[in-house]
C-alpha cells in the first residue's frame, strides 16, 4: 500500500507530535498499512518527557518532498505552518481544533475540526466511535496532549469534552493526572539551559492577519523573569528573524504555568496595535496580560482584530 504521511505543524508541541502518532495508529487499525507518523521539527523537553514515560519513540523527521504524496494533517491546516512542499501534496484528511485559514485543496477530502481544547480529544472520540482499542501508551499520549494544550485544564480553550476524555484516559494510562501533568509541564518549563534562538522557535507559529504577517512564539515557564531577563538578546534575535522572514510583527508570549498569566514582548512597526488589542500600554516593548494563557483563543483573535480594523 502507498505511504500516507501523517504530521502536525512546524515547531511541534506535544499535541502535534502525539496526534501524529495517534492518527497513524488509527489509520493502521482501519487497514491503512502505509500510514506513518512524522514530525516537522525537534521534540521539546515536555514532549520527550511524555514519550519517555509511555515508552514511545519519537516520529521520524520529515525530509521528503511531498509532491503527489498522500498526507494527513493533524493539529493544523494553515499552509505556512506545514511542510514546505504541502501545496503539491494530496491532502486526504485533516484533524484539527484551530481556525481554518490559508488552506485549499485540488480535490475533496475528509476534514474534522471541532472547537475543543486539543486535537487528541477529537482522536479519542474517533477511536471510541469506531470501537477501536486504546492501548495504554496511546492513552498516555492522548492524555499528555490534552494536559499540554489545556495547561492542566486551566486554559480557556479547555472544554468539558477535554476533561471527560482525560478522566477516562488516566485509567487506561494508569497515571495520576495532577501529579503526572505538573511533572510533564515542569519538564518543559525549564529555560535556563536553552538558547534565545531555541526559545523563539520551540513553539512558534506564523499567521496572516489581513495585510500583515505575524509571528507568535510562546514559552511556558515557572518564573517569567527567568526568560525575560534576556530581553535584550531576545529582541535582537526577534528583529533579525523578522527582517529575514519579512514578519511585520513578532510577539513573544511568556506564560506562567503556575499562576496562569503571561507577559508579552513585541517588536515590529505595528507593535502599538498589539497594545491596543489588549487595552494595555506597552512599556519598553512589554506588557503584562492577566489571565492570558491561550495563543489560540486569547491572543490570535485579539491581534487579528486590531490589525484588520
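We count from 1, first residue shown onward.
Cβ coordinates come from backbone N, Cα and C, glycine included.
Positions annotated as Mn(2+) 1 binding site by Swiss-Prot, on the basis of sequence analysis: 9, 13, 75. Per Swiss-Prot, Mn(2+) 2 binding site is recorded for 15, 75, 97, 149.
Within 10 Å of residue 75 (Mn(2+) 1 binding site), as judged by C-alpha distances, the binding-site residues found are 15, 97; the full candidate list was 15, 97, 149.
Cα-Cα distance from residue 149 (Mn(2+) 2 binding site) to residue 13 (Mn(2+) 1 binding site): 9 Å (rounded to the nearest whole number). Rounded to the nearest whole angstrom, the C-alpha distance between residue 13 (Mn(2+) 1 binding site) and residue 97 (Mn(2+) 2 binding site) is 14. Spacing of residue 97 (Mn(2+) 2 binding site) relative to residue 9 (Mn(2+) 1 binding site) is 12 Å (Cα to Cα, whole number). Under 8 Å, Cβ to Cβ, and six or more positions away along its own chain, residue 9 (Mn(2+) 1 binding site) finds 16, 40, 75, 76, 81, 82, 205. Non-local neighbourhood of residue 15 (Mn(2+) 2 binding site): 8, 75, 118, 119, 120, 145, 148, 149, each in the same chain, at least six residues away, with C-beta under 8 Å from its C-beta. One way to see the shell of the Mn(2+) 1 site is to take the Cβ centroid of 9, 13, 75; the remaining same-chain residues with a Cβ within 8 Å of it are 8, 11, 12, 15, 16, 17, 19, 74, 76, 81, 119.
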